[in-house]
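Features as listed in TrEMBL:
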- 210: active site (ACT_SITE)
- 122, 180: NAD(+) binding site (BINDING)
- 7-119: domain 'Aspartate/homoserine dehydrogenase NAD-binding' (DOMAIN)
- 158-244: domain 'Aspartate dehydrogenase' (DOMAIN)
Ligand SMILES: NC(=O)C1=CN([C@@H]2O[C@H](COP(=O)(O)OP(=O)(O)OC[C@H]3O[C@@H](n4cnc5c(N)ncnc54)[C@H](OP(=O)(O)O)[C@@H]3O)[C@@H](O)[C@H]2O)C=CC1
Ligand SMILES: O=C([O-])CC(=O)C(=O)O
(Lines of atoms letter the chains of each structure in order from A and count residues from 1; the text may use other names and numbers.)
(Lines give C-alpha, C1' and ligand atoms only; values in the text may rest on other atoms or scores of the structure.)
(Ligands and ions follow the chains in the order given, each with its own letter.)
Protein backbone atom coordinates (compact mmCIF):
# COMPACT_ATOMS: atom_id res chain seq x y z
CA UNK A 1 0.00 0.00 0.00
CA UNK A 2 1.46 3.37 -1.01
CA UNK A 3 0.88 6.05 1.61
CA UNK A 4 0.62 9.82 1.25
CA UNK A 5 1.45 11.55 4.54
CA UNK A 6 0.17 15.00 5.56
CA UNK A 7 2.54 16.60 8.08
CA UNK A 8 6.20 16.24 8.94
CA UNK A 9 6.32 16.42 12.73
CA UNK A 10 6.85 13.90 15.53
CA UNK A 11 4.26 11.33 14.40
CA UNK A 12 5.23 11.70 10.73
CA UNK A 13 8.90 11.06 11.59
CA UNK A 14 7.96 7.97 13.59
CA UNK A 15 6.05 6.64 10.56
CA UNK A 16 8.85 7.48 8.11
CA UNK A 17 11.38 5.71 10.34
CA UNK A 18 9.27 2.62 10.96
CA UNK A 19 7.81 2.23 7.48
CA UNK A 20 10.45 3.51 5.07
CA UNK A 21 13.66 3.08 7.07
CA UNK A 22 13.02 -0.13 9.05
CA UNK A 23 10.54 -1.50 6.47
CA UNK A 24 7.02 -2.81 7.10
CA UNK A 25 5.66 -5.47 4.80
CA UNK A 26 3.39 -4.04 2.08
CA UNK A 27 3.61 -0.46 3.36
CA UNK A 28 5.59 2.43 1.87
CA UNK A 29 5.30 6.21 2.28
CA UNK A 30 5.83 7.70 -1.17
CA UNK A 31 4.41 11.24 -0.93
CA UNK A 32 4.50 13.82 1.86
CA UNK A 33 2.38 16.98 1.87
CA UNK A 34 4.12 19.85 3.73
CA UNK A 35 3.42 23.55 4.03
CA UNK A 36 7.12 24.51 3.90
CA UNK A 37 9.20 22.62 1.35
CA UNK A 38 12.52 24.26 2.36
CA UNK A 39 12.14 23.27 6.02
CA UNK A 40 11.51 19.63 5.18
CA UNK A 41 13.56 19.16 2.00
CA UNK A 42 15.84 16.55 3.64
CA UNK A 43 12.94 14.11 3.87
CA UNK A 44 13.33 13.43 0.14
CA UNK A 45 16.89 12.17 0.40
CA UNK A 46 16.52 10.65 3.89
CA UNK A 47 13.38 8.62 3.20
CA UNK A 48 13.02 8.45 -0.58
CA UNK A 49 9.71 10.36 -0.61
CA UNK A 50 8.47 13.14 -2.86
CA UNK A 51 7.38 16.39 -1.21
CA UNK A 52 4.26 18.27 -2.27
CA UNK A 53 2.87 21.68 -1.37
CA UNK A 54 -0.12 21.51 -3.73
CA UNK A 55 -2.90 19.33 -2.36
CA UNK A 56 -4.27 18.20 -5.73
CA UNK A 57 -0.85 17.12 -7.01
CA UNK A 58 -0.30 15.25 -3.72
CA UNK A 59 -3.67 13.49 -3.94
CA UNK A 60 -3.14 12.62 -7.61
CA UNK A 61 0.32 11.17 -6.92
CA UNK A 62 0.59 7.40 -6.92
CA UNK A 63 -0.86 6.78 -3.45
CA UNK A 64 -3.53 4.39 -2.19
CA UNK A 65 -4.28 6.03 1.13
CA UNK A 66 -3.73 9.35 2.95
CA UNK A 67 -2.49 9.54 6.55
CA UNK A 68 -3.11 12.86 8.28
CA UNK A 69 -0.56 13.66 11.03
CA UNK A 70 -0.66 17.46 11.04
CA UNK A 71 -3.24 19.39 13.08
CA UNK A 72 -6.92 20.20 13.42
CA UNK A 73 -6.75 23.15 11.03
CA UNK A 74 -5.20 20.98 8.33
CA UNK A 75 -8.09 18.54 8.71
CA UNK A 76 -10.55 21.36 8.06
CA UNK A 77 -8.75 22.65 4.99
CA UNK A 78 -7.46 19.42 3.40
CA UNK A 79 -9.65 16.48 4.37
CA UNK A 80 -12.75 17.26 2.27
CA UNK A 81 -10.53 17.21 -0.84
CA UNK A 82 -8.64 14.12 0.34
CA UNK A 83 -11.68 11.95 1.07
CA UNK A 84 -13.05 12.57 -2.43
CA UNK A 85 -10.00 10.86 -3.90
CA UNK A 86 -8.55 8.45 -1.30
CA UNK A 87 -9.26 6.55 1.89
CA UNK A 88 -7.95 8.54 4.85
CA UNK A 89 -6.45 7.74 8.26
CA UNK A 90 -7.01 10.71 10.55
CA UNK A 91 -5.19 11.32 13.86
CA UNK A 92 -6.12 14.97 14.59
CA UNK A 93 -9.54 13.60 15.47
CA UNK A 94 -10.42 16.67 17.51
CA UNK A 95 -11.41 18.34 14.22
CA UNK A 96 -14.50 16.10 14.13
CA UNK A 97 -16.07 17.92 17.08
CA UNK A 98 -17.24 20.25 14.30
CA UNK A 99 -20.44 18.41 13.44
CA UNK A 100 -20.71 20.12 10.05
CA UNK A 101 -17.26 18.86 9.08
CA UNK A 102 -18.07 15.39 10.41
CA UNK A 103 -21.30 15.28 8.39
CA UNK A 104 -19.52 16.58 5.27
CA UNK A 105 -16.78 13.93 5.53
CA UNK A 106 -19.39 11.22 6.09
CA UNK A 107 -21.42 12.34 3.07
CA UNK A 108 -18.32 12.53 0.86
CA UNK A 109 -17.08 9.12 2.05
CA UNK A 110 -20.45 7.62 1.04
CA UNK A 111 -20.64 9.47 -2.26
CA UNK A 112 -17.10 8.56 -3.34
CA UNK A 113 -17.07 5.15 -1.65
CA UNK A 114 -14.10 5.98 0.61
CA UNK A 115 -13.25 5.00 4.16
CA UNK A 116 -12.23 7.24 7.04
CA UNK A 117 -10.16 5.42 9.66
CA UNK A 118 -9.91 6.86 13.19
CA UNK A 119 -7.09 5.13 15.11
CA UNK A 120 -7.51 4.75 18.88
CA UNK A 121 -4.52 7.08 19.35
CA UNK A 122 -3.14 7.41 22.86
CA UNK A 123 -5.97 5.46 24.52
CA UNK A 124 -7.67 2.06 24.38
CA UNK A 125 -10.98 0.44 25.26
CA UNK A 126 -12.87 1.83 22.25
CA UNK A 127 -13.84 -1.69 21.14
CA UNK A 128 -15.41 -2.36 24.54
CA UNK A 129 -17.15 1.01 24.59
CA UNK A 130 -18.65 0.52 21.12
CA UNK A 131 -19.91 -2.96 22.02
CA UNK A 132 -21.25 -1.79 25.38
CA UNK A 133 -23.11 1.06 23.64
CA UNK A 134 -24.46 -0.98 20.72
CA UNK A 135 -27.96 -0.79 22.24
CA UNK A 136 -27.44 2.78 23.41
CA UNK A 137 -27.17 1.75 27.06
CA UNK A 138 -23.88 3.26 28.24
CA UNK A 139 -24.85 5.95 30.72
CA UNK A 140 -21.58 7.65 31.63
CA UNK A 141 -18.07 8.00 30.17
CA UNK A 142 -15.36 10.06 31.80
CA UNK A 143 -11.73 10.72 30.95
CA UNK A 144 -9.10 12.03 33.32
CA UNK A 145 -5.89 13.00 31.54
CA UNK A 146 -2.71 13.84 33.44
CA UNK A 147 0.27 15.24 31.59
CA UNK A 148 3.62 16.64 32.71
CA UNK A 149 2.91 20.23 33.80
CA UNK A 150 5.62 21.58 31.49
CA UNK A 151 3.77 20.24 28.43
CA UNK A 152 0.49 21.98 29.41
CA UNK A 153 1.15 25.25 31.22
CA UNK A 154 3.73 28.04 31.29
CA UNK A 155 3.80 28.59 35.07
CA UNK A 156 5.93 26.48 37.42
CA UNK A 157 3.85 24.52 39.94
CA UNK A 158 4.83 22.33 42.88
CA UNK A 159 1.64 20.29 43.18
CA UNK A 160 -0.72 18.85 40.60
CA UNK A 161 -3.36 21.26 39.34
CA UNK A 162 -6.70 20.60 37.63
CA UNK A 163 -6.59 22.96 34.66
CA UNK A 164 -9.84 21.90 33.00
CA UNK A 165 -13.10 20.19 33.91
CA UNK A 166 -15.99 19.98 31.48
CA UNK A 167 -17.25 18.29 28.33
CA UNK A 168 -15.18 16.83 25.49
CA UNK A 169 -16.60 19.62 23.29
CA UNK A 170 -15.01 22.28 25.49
CA UNK A 171 -11.85 20.24 26.21
CA UNK A 172 -10.77 20.05 22.56
CA UNK A 173 -11.65 23.72 22.02
CA UNK A 174 -9.37 24.75 24.89
CA UNK A 175 -6.60 22.13 24.37
CA UNK A 176 -6.56 21.19 20.67
CA UNK A 177 -3.11 19.57 20.88
CA UNK A 178 -3.85 17.49 23.96
CA UNK A 179 -7.46 16.34 23.91
CA UNK A 180 -7.94 14.50 20.60
CA UNK A 181 -8.45 11.39 22.73
CA UNK A 182 -11.59 12.89 24.28
CA UNK A 183 -13.16 13.23 20.82
CA UNK A 184 -12.48 9.67 19.66
CA UNK A 185 -13.85 8.50 23.02
CA UNK A 186 -16.97 10.64 22.51
CA UNK A 187 -17.45 9.35 18.96
CA UNK A 188 -17.16 5.73 20.10
CA UNK A 189 -19.55 6.32 22.97
CA UNK A 190 -22.12 8.79 24.22
CA UNK A 191 -21.24 12.01 22.41
CA UNK A 192 -19.19 15.20 22.74
CA UNK A 193 -21.31 17.03 25.32
CA UNK A 194 -21.99 13.96 27.46
CA UNK A 195 -18.37 12.74 27.72
CA UNK A 196 -16.79 14.29 30.86
CA UNK A 197 -13.18 15.37 30.81
CA UNK A 198 -10.72 16.43 33.52
CA UNK A 199 -7.22 17.62 32.58
CA UNK A 200 -4.52 17.68 35.24
CA UNK A 201 -1.09 19.31 34.99
CA UNK A 202 1.25 17.25 37.16
CA UNK A 203 4.81 18.44 37.85
CA UNK A 204 5.84 15.02 39.21
CA UNK A 205 5.15 12.76 36.20
CA UNK A 206 6.93 12.13 32.92
CA UNK A 207 4.13 10.15 31.25
CA UNK A 208 0.83 11.05 29.57
CA UNK A 209 -1.73 9.21 31.68
CA UNK A 210 -5.32 8.67 30.55
CA UNK A 211 -7.88 7.12 32.91
CA UNK A 212 -11.24 6.18 31.40
CA UNK A 213 -14.31 5.14 33.37
CA UNK A 214 -17.55 3.88 31.83
CA UNK A 215 -20.81 2.61 33.25
CA UNK A 216 -23.94 1.21 31.63
CA UNK A 217 -26.18 -1.82 31.36
CA UNK A 218 -23.11 -3.93 30.53
CA UNK A 219 -21.56 -3.14 33.94
CA UNK A 220 -18.53 -0.95 34.57
CA UNK A 221 -15.08 -0.61 33.03
CA UNK A 222 -11.95 1.30 33.94
CA UNK A 223 -8.85 1.69 31.81
CA UNK A 224 -5.61 3.40 32.74
CA UNK A 225 -3.02 4.00 30.03
CA UNK A 226 0.38 5.29 31.18
CA UNK A 227 1.94 6.49 27.96
CA UNK A 228 5.56 7.18 27.29
CA UNK A 229 5.80 10.44 25.32
CA UNK A 230 7.36 10.75 21.89
CA UNK A 231 10.70 12.49 22.54
CA UNK A 232 10.22 14.73 19.47
CA UNK A 233 6.94 16.07 20.91
CA UNK A 234 6.30 15.22 24.58
CA UNK A 235 2.64 16.33 24.28
CA UNK A 236 2.17 13.33 21.98
CA UNK A 237 2.26 9.76 23.26
CA UNK A 238 4.28 7.03 21.58
CA UNK A 239 1.14 4.85 21.45
CA UNK A 240 -0.68 7.48 19.35
CA UNK A 241 1.97 7.13 16.64
CA UNK A 242 1.94 3.34 16.95
CA UNK A 243 -1.86 3.28 16.62
CA UNK A 244 -1.60 4.69 13.09
CA UNK A 245 0.76 1.90 12.10
CA UNK A 246 -1.59 -0.59 13.77
CA UNK A 247 -4.53 0.79 11.77
CA UNK A 248 -2.58 0.62 8.49
CA UNK A 249 -1.59 -3.00 9.14
CA UNK A 250 -5.19 -4.00 9.92
CA UNK A 251 -6.58 -2.64 6.65
CA UNK A 252 -5.41 -5.64 4.63
CA UNK A 253 -5.85 -8.28 7.35
CA UNK A 254 -8.30 -11.12 6.83
CA UNK A 255 -8.43 -12.05 10.52
CA UNK A 256 -9.92 -9.12 12.41
CA UNK A 257 -9.77 -9.11 16.19
CA UNK A 258 -12.14 -7.08 18.33
N1 LIG B 1 -5.67 11.05 18.43
C2 LIG B 1 -4.70 11.03 19.34
O3 LIG B 1 -4.72 10.22 20.27
C4 LIG B 1 -3.57 11.97 19.23
C5 LIG B 1 -3.53 12.94 18.26
N6 LIG B 1 -2.46 13.78 18.17
C7 LIG B 1 -2.47 14.80 17.13
O8 LIG B 1 -1.69 14.34 16.04
C9 LIG B 1 -1.26 15.47 15.27
C10 LIG B 1 0.23 15.33 14.95
O11 LIG B 1 0.96 15.25 16.15
P12 LIG B 1 2.55 15.49 16.20
O13 LIG B 1 3.19 14.81 15.06
O14 LIG B 1 2.98 15.18 17.58
O15 LIG B 1 2.59 17.07 15.96
P16 LIG B 1 3.85 17.97 15.57
O17 LIG B 1 3.54 19.33 16.10
O18 LIG B 1 5.12 17.33 15.96
O19 LIG B 1 3.79 18.00 13.97
C20 LIG B 1 2.76 18.58 13.25
C21 LIG B 1 3.21 18.68 11.81
O22 LIG B 1 2.10 19.05 11.01
C23 LIG B 1 2.54 19.99 10.05
N24 LIG B 1 1.42 20.81 9.59
C25 LIG B 1 0.64 21.65 10.27
N26 LIG B 1 -0.28 22.20 9.47
C27 LIG B 1 -0.07 21.69 8.24
C28 LIG B 1 -0.69 21.86 6.97
N29 LIG B 1 -1.73 22.69 6.81
N30 LIG B 1 -0.21 21.17 5.92
C31 LIG B 1 0.84 20.32 6.06
N32 LIG B 1 1.47 20.11 7.22
C33 LIG B 1 1.01 20.79 8.30
C34 LIG B 1 3.59 20.81 10.79
O35 LIG B 1 4.35 21.46 9.82
P36 LIG B 1 5.59 22.46 10.11
O37 LIG B 1 6.74 21.52 10.33
O38 LIG B 1 5.69 23.24 8.87
O39 LIG B 1 5.23 23.23 11.33
C40 LIG B 1 4.31 19.70 11.53
O41 LIG B 1 5.29 19.12 10.70
C42 LIG B 1 -1.60 16.69 16.12
O43 LIG B 1 -2.81 17.27 15.66
C44 LIG B 1 -1.81 16.10 17.50
O45 LIG B 1 -2.62 16.92 18.32
C46 LIG B 1 -1.39 13.66 19.01
C47 LIG B 1 -1.40 12.71 19.98
C48 LIG B 1 -2.50 11.84 20.21
O1 LIG C 1 -0.87 11.81 23.05
C2 LIG C 1 -1.66 11.89 24.01
O3 LIG C 1 -1.43 11.36 25.12
C4 LIG C 1 -2.99 12.56 23.86
C5 LIG C 1 -3.01 13.77 23.04
O6 LIG C 1 -2.05 14.50 22.92
C7 LIG C 1 -4.26 14.08 22.35
O8 LIG C 1 -5.23 13.33 22.49
O9 LIG C 1 -4.32 15.10 21.65
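Numbering starts at 1 and runs along the chain as displayed.
Backbone N, Cα and C define each Cβ position, glycine as well.
Residue counts for the domain 'Aspartate/homoserine dehydrogenase NAD-binding' (7-119) under DSSP (helix as H, G, I; strand as E, B; rest coil) come to 56 helix, 21 strand, 36 coil.
Annotation for residue 210 (active site): same-chain Cβ neighbours under 8 Å, separated by at least 6 residues, are 122, 123, 143, 144, 145, 181, 223, 224, 225, 227. Burial estimate for the binding-site residues (122, 180): highest at 180, by number of other CB atoms within 10 Å. Mapped onto three states, the DSSP output places residue 180 (NAD(+) binding site) in helix. Sorting the domain 'Aspartate dehydrogenase' (158-244) by DSSP state (H, G, I as helix; E, B as strand; all else coil) yields 23 helix, 39 strand, 25 coil.
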